[in-house]
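Below you'll find the structure, written out as structure tokens, and then a few comments.
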Amino acid sequence: MLKEALIGTLCGAVVLTIGILIGHFGIQKNSAPSWVNDVAKDVDEALIQQFLSEVETFQLQENLRELTKVPHMATSPGDEETVKYVLKRWQDPETGLDEAWRQEYEIYLSFPNPTNPNKVTVVNSLDSVLFTVREREVNYTADQNDPQVVQPFAAYSPAGHAKGKLVFANQGKPSDFQHLNGTIDLRGTIAITRYGGEGRGRKAINAAAYGVVGLLVYTDPLDMNDGLMSDTNETYPHSWYLPPTGVERGAYSRDFGDLLTPYLAAKEDTYRIPPEDITGIPPIPTQPIGFQDARTLICALAGEAAPKDWQGGLDCIYNLGGPGFKPTSPFNNSDVKLDIYNEEKIVNSSNVMGVIRGSVEPDRYVIYGNHRDSWVHGAIDPSSGTAVMLEITRVLGRMVKQGKWRPRRSIIFGSWGAEEFGLIGSAEYTEEYFTKLSERTVGYINVDISVFANATLSASAMPSMQSVIFRAAKQVNAPGFDSTSVYDNWIRYTNRTSPTHGIIPRVGYLTGAGSDYAAFVHYLGITSIDMSYTYDRSKTNARIYPAYHTACDTFDYASRFIDPGFVAHQAVGRTAGNILIRLADSLLLPFNCKDYAESLEDYLNTAVNLYQKDLIAKSISMEPLSKAVANFRKEAEQLDKVIQSSDLANETPLKVRKINDQLMLMDRAFLNPLAFPNEYGFRHVIWASSSSGKPTFPGIADAFAQANSSHLASDWKKVHYHLSVVAQAIDGAANMLKEVI
């Protein structure tokens, strides 16, 4: 019995051992649900390399060719063609997105009368016409003959008739009119100003304040053409420079978004304010003209010579005006007359939206946007950006359709409508989805004009995005180089010395409202970037690419003079797409708050140097601001230590989500809806628009400039107010970075 018992025990032990071994080796060690691996997955560097290799210059060229076949001003037949084209691309069964649709708004736009064109003339005392400004530009290519090419006009200029003696008012800044008014009674005059120095919408407002009854605006060849003026051999079609009859169109409005539905999405049944209640648009008839006609008018002006820094590139001395023309001029005792027939309409405009749904965090959005509408053919503005966006979606869409990839977070693509009339499509989108976008959007990438020229990358962004921009730029070859990265090329053209990083490329700040990032940055506080390739500013004084907003901005212009071979388009597509993938796929959002701290410290140092002495004299302390910036630095470094000491791939997903939410929401803490009551849509107290021109906190800078000018006690109180606003916002952002309350 004992023997049998021992044998039985031994056999049982063997069976148990075999069972354990079978259980150990027969069952997969990782028996956790599949989503566990997905949750911990980080960005795939091999996939980024595959993406970079698939962005093709030929595809970019053909995209641009298709997009510029016809003029496509907002809500025009050509615009509808581009809506359908983008939709078709994003709904393609092999390379399209998960879903694409059109998002429509009913918006207030301004157009020239198609049967009664605007006129600018010189008339004598009998109202006989002595000179007529060209109504349209000279055509150099067949596509410029398209009947849909819109006459040059100032959008939102009122219809009306104005007549008076001409004066030259430089750039139309308040200081320019103040200087002019010192020697000339401006009441009842017509002013001619050059582009630059002041937003086009503000020039007419500034003029009207001094009694000016009509405004002309032109592009000076010194500011755009490096002084060149002849289309025989110097300007387009022989080079990139603006030809003499080229005219920059534009929206002459101050605020962004639909003008009749402030802070509301412009849907069909939305409440609208009366048109007469709109502010920030010209109160007087306004019209842009070419520098050929501007020369005829300016070179005939009487009066004393304009200041040296008002002189331009026309081959004559710029006089201020008598007011009016020289006695020796054929226009002696004559007036300039504006007959403006613009008309306003409420029309339907479409955004085209597309989405690739996220696999792990579908409720977190990375948004990539570019506007679609142009003034004429818009090869550079905006179609160079649309061409890049369509190539990015082609490559990523094919990866998704083939089952090779799906992003961690959802990617939303926006082809915005009616940007040229005041960033309308993107602004209405943010107003309609204000809460959802505020709570869920990780970041916004804006690529409007993707290529101004082909020399170097240019980027402006929230400081926390600097590191991911640099990382992406280091992985892309610069156009024309086999072994030089976009980053290394960029640092040669523009750089700065960082206390932390040493010499690095200079990344600008998203101040103002120059493109569709405005509503995302200033209204929603979303971490954003705006990027492009641009020109070597040491070789030209051009304030922007010279064909900007003119009928010369065609496929021919872009392919011959801006980016032959489309290699700069490719570099932008690769860099922007790299950033997009990293924002969408990284386990931890690639934002560096310590870089934000460095920018706040720079702003603080500037403010202290400029204002502290005067503020002490007014018993206003900057100490709360200094402490807030120091507190932000401390919390940014502490959060970085938490990140560096964590093995996030093996942590609970809630910890990763918590840190990501801190990074995502940090910029929201800088929003204050009451800080700038006179500036529509500006709520971000660090990056809001400023009129002071000082590289520091905008509210403080503008309030100080006003107080220092007026010497009023009430204005000094406003300086104190803005110091408190900024200090508490920075403290709020620092608290957002704390691990717990």
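Placement of Cβ uses the backbone N, Cα and C atoms for every residue, glycine included.
Across the domain 'PA' (163-251), the model assigns an average pLDDT of 97. The domain 'PA' annotation in TrEMBL covers 163-251.
The domain 'Peptidase M28' annotation in TrEMBL covers 351-559.
Under the heading domain 'Transferrin receptor-like dimerisation', TrEMBL lists 620-738.
The feature transmembrane segment is assigned by TrEMBL to 7-27.
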Structural state census, the domain 'PA' (163-251) (DSSP three-state): 21 helix, 17 strand, 51 coil
Helix, strand and coil residues within the domain 'Transferrin receptor-like dimerisation' (620-738) as assigned by DSSP: 81 helix, 2 strand, 36 coil
